[in-house]
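Undergrad: I have a structure I would like to understand better, so I am pasting it below and will then ask my questions one at a time.
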Amino acid sequence: MRPVSKYGQNFLIDLNLVELIARSAEIGPSDIVLEIGTGVGSLTSIMASQAGAILTVEIDQNLFQLASEELAPFPHVKMIQGDALKNKSTFRDDIMESIREAKSRLPDDSKFMLVANLPYNVATPIVSNLLHQDPPPDRIVVTIQKELGERMVAGPGSKDYGALSIWIQATCRAEIVRILPPTVFWPRPKVDSAIVRLDVDHERGNAIPDLKYFHQTVRALFFHRRKFLRSVVISAMKGRLDKPAIDEILGRLGHGETARAEELNLEQISDLVEALRQAELANE
């Protein structure tokens with residue numbers, strides 16, 4: 001078996017760390033787990049003894065067949081062969097439909113989790129987009145590049161602070177569980193990795209009137225993160241809000257001419273995005 005580089009495959013070969021991922025997720029007997037990147041089924045097998053239902057997705061046909069044999073004893077594990085994403089911003093319909101179906105037949109207090117050693121090349125779209133799916137996850141425990149994990153937990157003024165930091169922290173409590181060196185993977189990646197746990201705070205998420213608008217607008221605001229905030233907002237709102245309306249919003253929120261998006265904290269960004277949304281609605 002050879003890793004396929006286009007799939008971003010780096011297999012975690014330290015069983016103690018595989019067990020740490022499962023343990024960090026605190027999976028209960030009525031919980032539903034989504035795993036992206038089945039691999040040979042090592043993590044899946046551990047979780048199968050803990051979860052009420054598992055949906056595991058593997059893009060590599062050879063690995064899918066190998067894992068199918070490994071997971072055959074577990075009838076509550078459903079496998080899907082193919083790409084988890086329909087495009088960069090959307091999960092495949094059958095994946096979320098399978099999650100909804102599993103949730104409908106398990107107790108009301110069951111949790112939905114993403115637990116996975118994620119392929120590096122899809123980690124950001126997988127985590128970012130899962131947070132505004134139906135149903136949204138309750139917890140995410142994933143192995144990703146260390147740099148990506150640091151971006152998720154970064155604060156204002158940090159070099160790692162950006163759209164991903166805002167999006168994750170607007171909906172989750174985030175922590176880095178463990179930093180992993182390249183030596184615990186095969187083949188060895190060129191960078192360190194991290195096990196990251198995100199506990200989704202549904203109250204925080206529900207306080208955002210339009211999650212999709214929030215996500216898209218935050219990404220636009222940080223596209224040129226070091227530019228002055230006014231020019232960034234004008235660019236992001238082009239054809240949607242005129243300059244006087246934008247200047248009124250920035251003035252009302254107390255953002256001066258030299259303000260930059262990378263200096264604003266989560267509350268300030270949230271207030272700005274909501275003010276822009278309300279102004280757009282008033283324009284309709």
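Start at 1 and count along the chain as shown; that gives each residue its number.
Cβ from N, Cα, C; glycine included.
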Undergrad: Can you tell which of Glu58, Glu69, Glu101 Swiss-Prot lists as binding S-adenosyl-L-methionine with Asn10, Leu12, Gly37, Asp83, Asn117?
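TA: When Swiss-Prot describes the S-adenosyl-L-methionine site, the candidate it includes is Glu58.
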Undergrad: Which residues of the same chain, at least 6 positions away in sequence, have a Cβ lying under 8 Å from the Cβ of Gly37 (S-adenosyl-L-methionine binding site)?
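TA: When sequence neighbours closer than 6 are ignored, Gly37 (S-adenosyl-L-methionine binding site) has Gln9, Val57, Glu58, Ile59, Ala116, Asn117, Leu118, Pro119 within Cβ distance under 8 Å.
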